[in-house]
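> My structure is below; once you've seen it, I'll send some questions.
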Amino acid sequence: MLMQSIYLSKIREQNPLIHNITNIVAANFSANGLLALGASPLMSANIEEMQEVPKISQVLVINIGTLIGKDREAMLQAGKTANEVGIPVVLDPVGVGATSYRRETIRQLLAEVKFALIRGNAGELAAIAGETWQAKGVDAGQGEVDLKAVAEKVAQRYGCTVLISGAVDIVSDGTQTATVHNGTSLFPKVTASGCLLSAVCAAFLAVSEGNYFSATLEACVAYTIAGECAAQGLTTQVGQFQIRLLDELAALSPETIGQRGRINE
């Protein structure tokens, strides 16, 4: 099933400000990816700013990849402020199943902050759903659960949209579920490629006027198409892929999304 692009042009017209509390591995890549797409990144995790920055932003991304110092407190404060001013909040629960500190951080965030989108790999979402899964650090790992059911369960439990990234991506808001069949095997070879996807989703949510399911679906299709285009002619050249991915995000058009997107609903 093909899709019509609704939000990409709006991102480039509106240049939304994306507040990222992200990890030290992903910060540069996420910022450059957002710039390439047409959004404006703001990369701040200073707890002293968390009552102000969300008030000038259009969306907040909380990524727990490298929890340092007062990061958890900053995330909670920023999330609560974002909820107060009514901007969407995206959660990337990096490696939530790896340590008790990460699990407790996510438990507290989900209890105290309302999220518009939770984006993670299969292992991360299985952990949030309480399903048995053999995660490998921050990587997806292996398991035998129904991932569509996991996406729907988490979406219903927290009243949000869920995106599970993998060879086939799954998007659900608990009542409607779609799968995205674009992408490339080079994505897992580049660190922070999933973190950038969360940031890209945030840019789409920022201009979606509350239509978070359709915005997440288009964001996922757009990003995975950019990956396909970047990977053309490459096999193991992951360094070239990373740079070309930024170029393809900048070159992406609504027409390309409509022509190349492969989704099942």
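Placed from the backbone N, Cα and C atoms, the Cβ positions cover glycine too.
So Swiss-Prot says this about it:
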- Met43, Ala192: substrate binding site (BINDING)
- Arg119, Ser165: ATP binding site (BINDING)
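On this model, are these features tucked inside or out on the surface, and what's nearby?
For Ala192 (substrate binding site), the Cβ neighbour count at a 10 Å cut-off comes to 23, with all displayed protein chains included. According to DSSP, Ala192 (substrate binding site) is assigned to coil rather than to any helix or strand.
For Ser165 (ATP binding site), the same-chain residues lying six or more positions away in sequence with a CB closer than 8 A to its CB are Arg119, Gly120, Asn121, Ala122, Gly194, Leu197, Cys220.
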> Within 10 Å of the Cβ of Arg119 (ATP binding site), how many other Cβ atoms can you find? Include all protein chains, please.
31
> Around Met43 (substrate binding site), which residues of its chain at least 6 apart sit with Cβ under 8 Å of its Cβ?
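Result: Asn20, Thr22, Ala27, Ser30, Ala31.
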